[in-house]
Amino acid sequence: MQFFTTVVLFAAAAMALPGGQQSRPYDPCPNNLLSVPQCCDTDALGLVGLGCVAPPNNRPASPRAFADCCHASSRRPKCCAVTTGLEASVLCDDPAGF
């Protein structure tokens, strides 16, 4: 009888625990240095992004959504360290999921 009670308690505890991975919102630029999402025309060796603008949705929901909003203006998604405000960004790399 004690064995049955112990098994039932362990089974109940196992069912009460959350299963699987909890979904997190997509972060296109998880790197602390390259944390600014941008849509850029040109990337010169990862040092300077030219023709860069902020995506219409500053935090896209997925890699596909980020690419789609940038491709709508014929640009590519990038993560940059600093934006100059003159459609140029410094230190750019591909975002997460690319």
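Start at 1 and count along the chain as shown; that gives each residue its number.
Every residue gets a Cβ built from N, Cα and C, even glycine.
For CYS79 (disulfide bond), the same-chain residues that are 6 or more apart in sequence and have a Cβ closer than 8 Å to its Cβ are PRO28, CYS29, ASN31, LEU34, SER35, VAL36, PRO37, GLN38, CYS92, ASP93, ASP94, PRO95, ALA96. Taken from Swiss-Prot, the feature disulfide bond covers CYS29-CYS79 (among others), and the record attributes it to similarity to another entry.
In the three-state DSSP reading, CYS70 (disulfide bond) counts as helix. Taken from Swiss-Prot, the feature disulfide bond applies to CYS39-CYS70 (among others).
Here Swiss-Prot flags CYS40-CYS52 (among others) as disulfide bond, drawing on similarity to another entry. Sequence-distant contacts of CYS52 (disulfide bond), defined by Cβ-Cβ distance under 8 angstroms and a gap of at least six in the same chain, are GLN38, CYS39, CYS40, ASP41, ARG75, LYS78, CYS80, THR83, GLU87, ALA88, SER89, CYS92. DSSP gives CYS52 (disulfide bond) a coil state; it is part of no helix or strand.
Under the heading disulfide bond, Swiss-Prot lists CYS80-CYS92 (among others), citing similarity to another entry as support. DSSP assigns CYS92 (disulfide bond) to a strand.
Look at Swiss-Prot and you will find 1-16 tagged as signal peptide, backed by sequence analysis.
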Given the disulfide-bonded residues CYS29, CYS40, CYS70, CYS80, CYS92, which one is most crowded in terms of C-beta atoms within 10 angstroms?
CYS92
Coarse DSSP state, helix versus strand versus coil, of CYS29 (disulfide bond):
coil
